[in-house]
Every structure is written in C-alpha cells, then in structure tokens.
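Over in Swiss-Prot, the protein carries these features:
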REGION    1-25  region 'Disordered'
BINDING   GLY40, PRO41, THR42, ALA43, SER44, GLY45, LYS46, SER47  ATP binding site
BINDING   THR42, ALA43, SER44, GLY45, LYS46, SER47  substrate binding site
SITE      THR127  site 'Interaction with substrate tRNA'
SITE      ARG149  site 'Interaction with substrate tRNA'
Amino acid sequence: MAEEPQRSPAPTSPFAFTVPSNSLSELPDIPPDRPVLIAGPTASGKSALAARLVEDGGGAVVNADALQVYDCWRLLSARPSAAEEAALPHRLYGHVGARQTYSAGHWLKEVAGVLAEGLRPVIVGGTGLYFSALTGGLAEIPHTPPEVRAAADARLAEAGLARMVAELDAETAARIDLQNPARVQRAWEVLRATGRGLARWQAETAPPLLPLSDATALVIRPDPAWLAQRIDSRFDLMMADGALDEVRAALPDWDPTLPSARAIGAPELVAHLRGEIPLDEAVAAAKLASRQYAKRQRTWFRNRMRLWHEIRLP
C-alpha cells in the first residue's frame, strides 16, 4: 500500500453519527491493508463509521453514493463537510457537475483509478447498484442516445410506470425492481436503443473489479423507527444549515429529468421556491420521501447482501 500523509483528527459534522461501542464490538477483525465496503440506508451513520475506520487504520474514504458525486449537493446529499474531506483522504465526492451524465459505469472506472493509488479503500454509500457492479461486474451496455432518453421521459410522464413495465421484455421484467421508476426507465431505454433486453446485456457481464471475497463487506441494518427519527432530525439540521439556499442556487438550471435532480428533498424545496407549496409542506414531503427511500434501500440490502457482515443499530 502507498505511504499515507499525516492526518489531523476528523472534525465533527452537523450530521455526524457517534458510532455506538456495541456496534464497533460487532466488527470483524479487519487487516489494515484489506479493502472495506460499508453499505447502509440514508442517515444510518455509515459515513461516520467509514471515517472512523480510516482514522484508526488508514486508507481513504471512497464514495459509493450516486448523489454525493454532484458538486451542487453537499447539504441535501449529506456529503462530508469540507473540513472532514480535508482531515482524511476522500475520493469521488462532489466532483461531477449537475448537468453531467454519470452512471455506475463512470463510477466503476473512477474506482479503478482509486484502487490503483495504493491506499486501502473504505468504500461507503447507499447506492446498491454501485456495490453490485464493483463486486459482481458490470455489463458494457451502449450509451442511451438523447432522443431515446427524451422518448422515455415522455413515455413515463404520459403513460405511467405500469405501461412502461408492460413494454419491457419478460426476462428483464423478472429481474429488476418494477416499483423503481429509474430502473424501469433505464431498462425501457436499453431495449429501445439496442433491441436487446437489459437482462441479455447483463448476462455478458465482465469480471468484477473487487470480488466480495477480497474485501470485508459490512451492511448497517438499523431499527426502522430509530432510523425514521434520525432522518427527520437530520433534515431539520440540513434546513438550519442552509439547504434551502443550496436548492435556490440550483434553481436557475433546474431540470427534473437529470439524475442530479433525484436528490431527496430537492424537488420538494424547488416546488416551495416556485411558490407551489408552503415551506412546512415541502419539508414534510421531503422527510417522507427520505423515509420511503430508506425503506427501499433496506429491502435492496436485505435481498442482495445476505453474505455481508451485519451491523445492527442502535
């Protein structure tokens, strides 16, 4: 492994999670040079756990969250603060413009570069697809042409999710989350653009960049009621720290069809800034959206990460 720079202790974030001592005792023995993967739902404290492991054992905190890559969202995505990023090595945070195309394939290529640096990676996030691509490989699916993406946006808006599901090939429909509009639209686009279903492309997956057997994989499984309270409290902190101003800064170039617009709370606060709903309704809707997102994450992790070491909270 590469020689690491001297570090000062990591500062405390307004969203910081104090890792319970009983949770640290549940950790398996982790050799200092072994890659670590940490998955967990939003607001579960996974970023603080990653920082703790890097502070204690060295390495770099590597982002595996699809929204924390965007430069426009530090507060709404709960990205580490500037002070936290300066105190410990961090990679792949806030480096993508809001209007840029960024996919799991882009992330995987950048992670390959991070692994080549030689620092022990502690890869942390809530985007299950990133971890799946990292440890299981990712199919080389051709880029979706803009006209197909536009047609998919229009189809979803006009016909609805159920109709798009009905237009998928049976093999793909049996494998993806049919309640997730982004996943359904992506599968629809692939079928229209290539004439082959997403499942067929995925059957030609390349070898994984980091096989699960070569890493210590941790998944946080919080109590749902405990997590819901943390989600609500954290959003209040985000608002107090200037989340509304962050969204206001993004408003002139706001495009709801962009992946960056999927930041939890952004559509709701945009609606308020446009005079469509009162602030209290926007905040309540954002909190609800966060809790619903966390539920989807927990389901995904439960179904796909059965071989990962569980950390139960609180």
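Heads up, the Cβ atoms here are built off N, Cα and C, so glycines get one too.
Feature map: Swiss-Prot annotations on the structure.
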| residue | record | DSSP class |
| --- | --- | --- |
| GLY40 | ATP binding site | coil |
| GLY45 | ATP binding site | coil |
| THR127 | site 'Interaction with substrate tRNA' | coil |
| ARG149 | site 'Interaction with substrate tRNA' | helix |
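Its Cβ placed at the centre, PRO41 (ATP binding site) has 26 other Cβ atoms within 10 Å.
Each residue contributes its Cα atom, and for GLY45 (ATP binding site) and THR127 (site 'Interaction with substrate tRNA') those atoms are 15 Å apart. Taking CA atoms as the reference points, LYS46 (ATP binding site) and ARG149 (site 'Interaction with substrate tRNA') are 33 Å apart. A simple way to gauge crowding: the CB of SER47 (ATP binding site) has 28 other CB atoms within 10 angstroms, across all the protein chains here.
Annotation for the recorded positions LYS46, ARG149: lowest Cβ count within 10 Å of the residue's own Cβ, ARG149. In the set ALA43, SER44, ARG149, none of the recorded positions has a C-alpha within 10 Å of the C-alpha of THR127 (site 'Interaction with substrate tRNA').
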